[in-house]
Amino acid sequence: MADAITYADLRFVKVPLKNSASNHLGQDCEAYEDGELTYENVQVSPVPGGPPGLASPALADKAGVGSEQPTATWSSVNSSALRQIPRCPTVCLQYFLLGLLVSCLMLGVAVICLGVRYLQVSRQFQEGTRIWEATNSSLQQQLREKISQLGQKEVELQKARKELISSQDTLQEKQRTHEDAEQQLQACQAERAKTKENLKTEEERRRDLDQRLTSTRETLRRFFSDSSDTCCPCGWIPYQERCFYISHTLGSLEESQKYCTSLSSKLAAFDEPSKYYYEVSLPSGLEELLDRSKSYWIQMSKKWRQDSDSQSRHCVRIKTYYQKWERTISKCAELHPCICESEAFRFPDGINLN
């Protein structure tokens, strides 16, 4: 009771199913690579031990092959396909290697180009670095110079500020001095106005004094008959620009001299007549006022001064003798009144009483 067995040999081929076997075998590697997977029934030789010539009717119907088509046709087609299939991977490998070689060449060319470009860029970078260093050095030098200049400018600025502050202080001091001067000027102007008022007042007083002086001069004119422009103190007797004063106080010669000195005068001296040295010529106004009963101390004459002995032991006084006044010698310690003499003085500003 053995059953019949049909064997199917399945082969997977990336070839589109064509009606013509020649078209299938003539496709290039690209069609081979881009095809779809299909299944194809292949006639195999019968298995040993099995009944020859047996085949499944279903398989024969699927293959679409008539019973009258010989089996040898499938065998030849299968053999030709099997011979053509191994050639496609070799061609692809060659193309792959060729593409890989081209890629390597292109990569090498790119590497060389990149190397050349790198060298160019490196040289440019070095050149740029040198230029940058030179520029940086120049800029640093310029910066140092600018910093030095700025330092000098700062010193000059500080000096200028100090000078400005000093000038401002000087200006303020000058302004204060100017203000003080203005205040002093105002004070001087006020003082000037006040002085003008005082001067005006003094002028009025001077005119009043002139009037009073004129009145006084007219009053004094009554008491003086001398026509000279000199005068003597009140109580003194004027005579030829001299003033005489009669003292009624008794005293020695020395005391009389001191008394006359206290009156800013001296003992009177009278000229001697040419005939008699003892005679005395007295002014008429003075002689009338003398007391004839008394003697008066006077200054020693020139002739009597020549005798030093008589000067040291005796002094001169005058007295009346037979109605005339004569000089006589007496002891200096005797007590007698005296006659003082002084220079007459002029009126102020040369004013004459006449």
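Each residue, glycine too, has its Cβ placed from N, Cα and C.
Quick caveat, the model's predicted, so the values are computed rather than measured.
Record check of TYR7, TYR118 in Swiss-Prot: the feature phosphotyrosine is attached to TYR7. Record check of TYR32, TYR39, TYR322 in Swiss-Prot: the feature phosphotyrosine is attached to TYR39. Of the listed cysteines (CYS243, CYS260, CYS315), only CYS260 is recorded by Swiss-Prot as the disulfide partner of CYS340. Here the candidates are CYS315, CYS338, and Swiss-Prot names CYS315 as the disulfide partner of CYS332. Away from its own ends, the transmembrane segment (96-116) comes close to no residue of its chain (no Cβ-Cβ distance under 8 Å at least six residues beyond either end).
Checked against CYS260 (disulfide bond), the disulfide-bonded residues CYS243, CYS315, CYS332 differ in C-alpha distance, with CYS243 being the nearest. Cα spacing between CYS332 (disulfide bond) and CYS340 (disulfide bond): 17 Å, rounded to the nearest whole number. Rounded to a whole value, the Cα-Cα separation of CYS232 (disulfide bond) and CYS340 (disulfide bond) is 13 Å. Secondary structure of the domain 'C-type lectin' (231-342) per DSSP (helix as H, G, I; strand as E, B; remaining residues coil): 26 helix, 38 strand, 48 coil.
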